[in-house]
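A.B. asks: For reference, the structure I am asking about is given below.
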Amino acid sequence: MTRTTLFRRLTLSSLGLLLLGAVQASEVNLYTTREAGLIKPLLDAYTSKTGIKVNTVFMKDGLPERVAAEGKQSPADLLMAVDVNALVELSEKNVTQAIKSPALEAAIPANLRDAGGHWFALSVRARTLYTAKNITLSSFTYEDLADPKYKGKICIRAGQHAYNTALIAHIIAKDGEAKAEQWLRGLKANLARKPGGGDRDVARDIMAGICDIGLGNSYYVGLMRSGAGGPEQQKWGDAINVVLPSFAKGGTHVNVSGAAVAKYAPNKDNAVKLLEFLVSDEAQALYAKANFEYPVKKGAALDPIIAKLGTLNIDSLQLGDIAKYRKAASLLVDKVGFDN
Amino acid sequence: MTTESLALARTPHPWGVLRLRQYFSARHLGVGWQVASLALVLAVLVPLQSLLGHAMRGSGELWPHLLSYVLPQALQDSALLLLGVGVLVIALGSSLAWLVSAYDFVGRRELSWALLLPLAIPSYIIAFAYLDLWHPVGILQSSLRTLLGFDSPRDFKLPDIRSMWGCILLLGLVLYPYVYLPVRAVFSMQAGNLIEAARTLQAGPQRIFFGLALPLARPAIAVGTSLALMEALNDLGASEFLGVRTLTVSIYSTWLNRSNLPGAAQIALLMLCIVLALISIERWARRHQRYTLATRRMQPLARRRLTGWRGVLALTYCSLPITLGFVMPAGYLVGETYKRLRFSGLESSLLSELLNTLQLATATTLLAALLAFLLSFAQRMARTPLNRQILRCASLGYAIPGTVLAIGLLGPLAQFDAWINRLFELSGHAPIGLLLSGSSVALIYAYLVRFLAIANGSLEAGFSQLPTSLDDAARTLGSSPTRLAWRIHLPLCRPALLSAMLLVFVDSMKELPATLLLRPMNFETLATHLYGEAARGTYESGAIAALLIVLAGLLPIIALSRLAERRDSHGSSP
């Protein structure tokens, strides 16, 4: 065999392999800012049910930029994110496509998905109030956080964190920017320490007596109290009471994890199939169990720890309409000097 | 200054043509070397160029807001952080290097390499470990309270580590080795003769240190400090965690929260200019000084024996940064790992993640050493303004935060892939998909752009210590540039090369932000695993990965120190 024919054969066979990779339809590629380990049980269940392999890459910042740069060649099928702002960002960056699916529309309440089908919420978390054990509040409004009687008593993570900007955006959407600013200044005046750390640090700081109350997401309560985060965190979780707050006029502020189908998804059908699987009863129960979230689907089972927090009454505002104010919320945090 | 550059300065030319030719002159270098170094620096500048593109796309509408609410705080915090970390790393790095070079005391030999150990601890890990250890309900304060007889943290607690001083202290503890390593090299080898002479003249130890040793080590201190400060300025893990709001934090929040990538790129470039200005000021300040020694024989410094309480004091002082910067956080990780192993066992994926990490770090290290050698060699052989600029520019990547750099790489990589695919299509083949984007090539590229500065710094310092008479002799004897590089410079630069490789390897192992954004699907390194655990909120399970990063980072540190010791004992034997 001459050198040229050998070379040709090698080229052809490697090209063949590449083509094989391209036509192998039984896979779906997932880009996610939601930590892949959290959704692994769900993806495993999907694979064992359908035989479709799920390839994942978990990233933090820059997912929309990466997909946009990859353009038409992007292998990404499904884009997952843990925050409504990030989901809206994806559709605004024009890296998603509209999906019409009766199954998705039936399972997901209209205020928790994009009207145009560009993104869908898959699980829900409430922004709850953690309090010291000696404080029992039967009800609490987000507006109360600015009440001067809590001066020096509140802990919270950075105002620029997505969980807080989403809440602030919600207040802007409800009451307008001027009132939101007043509220944020009031809250800032009540802080016991500089905003920072994570939601669980709020529980730990309450246990340490640094503050009396603070904001934290609902699933952290499950993670701490169940012992999934280790015995230390269990102590923090047991050191707090948890209240589901609401707006003075409205329900509880929630954020979501969700997903969107990529604009140039090479395996679009598989991506939609995966989305539909994720809102099935089976998968929704797994969401609740694996990460102590509220299922997005009405009637799906809750984890007992989360069920004990009381009935969640989600505020009726469309999430997309709240996320419109995310930038304004972030600028407000700057203006108030909240994180200083 | 070489004869050539002197000649250059003395020959004004009316038309500037000759000047241009001199600018590009590759007379002593060979065209191959010159083209290679030029191509290299262009490749390094690609992401910066693309960032500039992002920055130009911005309208600047956000600037009034940034100027009134964000940047004053960010500049103030950055300045304080740099000042604090700078003072700390210079004080620690040079005093420790002096102690282990000029004196002998019990444990000195072990300490002299153990002082490098904090290098292996990523800033995000030390921040997390101390937050846990130092927290009012953590082990330190709980024990202290029991000791002092307080019942509750409400009655007694120490100041919160989530603060500027905490951030300065923790970053200083893991960054001082950047100063310690090059300064120790200067003290133990280069400065030997002079210090011996000063001792013979009965100069007191204080006078020798402040009047002679420190000024001699100034270039090394400058190189090490600038690396440490760039790392501190770029740090996101520790600063965000500890609530310090540096320029880097404001770059991220401008991009992500204020939804303004062009604005973020503008701040990043502003930061780059500040860094360049600082470096230029330092270089300008010592423009009249020369540090290469004319002596033929470099004599290692003879160490004076410290006995009694002086020995104990030296031992204590040297142990302190090791304890705080390594033993405490590493011990914390061991404790957490132990708890975790009992709780849930070892994850099988860790082995492949370790392999991925080591492969990436090894490839990056070898390439960085090669490229930095090429650049420093080119700059030495043809000291043209062009080559000086090349070397400067090739180090710019270090002044850009990791994710921002990665964003700058995304576009060019994808563009390249698009071209390749177009080429395939034109030649009648099916497109092959993404070749560079989302591959380990992208990762190694990013690491190189980021860490080439470290290797450049070490090698530039290494080269500057070789007398130029060596080159002249070799060239007179008809040696080609390649042969000169291979047979003379490479062996003589080995110590500098090794310390460059150590720093690059350890830094690549710890790299998180660029890896997170650019890596392929189903591909994890130890750092991304750790980040994943942290994102899930199970930091403690990340302890195993963190411990592996630390352990793998230890290997090159130990290897390097053994090599250095061998060199040491060869050198000091009569």
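The chain as shown is numbered from 1 upward.
Here the Cβ of each residue, glycine as well, is placed from N, Cα and C on the backbone.
Feature table excerpt (TrEMBL):
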type	residues	note
TRANSMEM	B:29-48	transmembrane segment
DOMAIN	B:75-280	domain 'ABC transmembrane type-1'
TRANSMEM	B:79-99	transmembrane segment
TRANSMEM	B:111-131	transmembrane segment
TRANSMEM	B:163-187	transmembrane segment
TRANSMEM	B:208-230	transmembrane segment
TRANSMEM	B:263-281	transmembrane segment
TRANSMEM	B:312-334	transmembrane segment
TRANSMEM	B:354-378	transmembrane segment
DOMAIN	B:354-560	domain 'ABC transmembrane type-1'
TRANSMEM	B:390-410	transmembrane segment
TRANSMEM	B:430-449	transmembrane segment
TRANSMEM	B:484-506	transmembrane segment
TRANSMEM	B:543-564	transmembrane segment
A.B. asks: Take the transmembrane segment (B:29-48) and find every residue of the same chain, 6 or more past its ends, with a Cβ under 8 Å from one of its Cβ atoms.
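C.D. replies: Hits for the transmembrane segment (B:29-48): 272, 371, 374-375, 377-378, 381-382, 387, 390, 393-394, 396-397, 400, 405, 408-409, 412, 446, 448-449, 452, 480-482.
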A.B. asks: Using a Cβ-Cβ cut-off of under 8 Å, list the residues of the same chain that are 6+ residues beyond the ends of the transmembrane segment (B:312-334) and lie near it.
C.D. replies: 92, 95-96, 99-100, 103, 105-108, 111, 114-115, 117-118, 120-121, 125-126, 129-130, 132-133, 173-174, 176, 306, 543, 546-547, 550
A.B. asks: Looking only at the recorded stretches B:163-187, B:263-281, B:430-449, B:543-564, which one has the largest tally of CB-CB distances under 8 Å to the transmembrane segment (B:484-506)?
C.D. replies: B:543-564
A.B. asks: Six or more residues out from either end of the transmembrane segment (B:430-449), which same-chain residues have a Cβ under 8 Å from its Cβ atoms?
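C.D. replies: Distal contacts: 44, 46-47, 359-360, 363-364, 367-368, 371, 397, 402, 405-406, 409-410, 413-414, 416-417, 420-421, 424, 508, 511, 514-515, 518-521, 523.
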A.B. asks: When each of B:111-131, B:163-187, B:208-230 is checked against the transmembrane segment (B:79-99) for Cβ pairs under 8 Å, which one has the most?
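C.D. replies: By the under-8 Å Cβ criterion, the transmembrane segment (B:79-99) pairs most with B:163-187.
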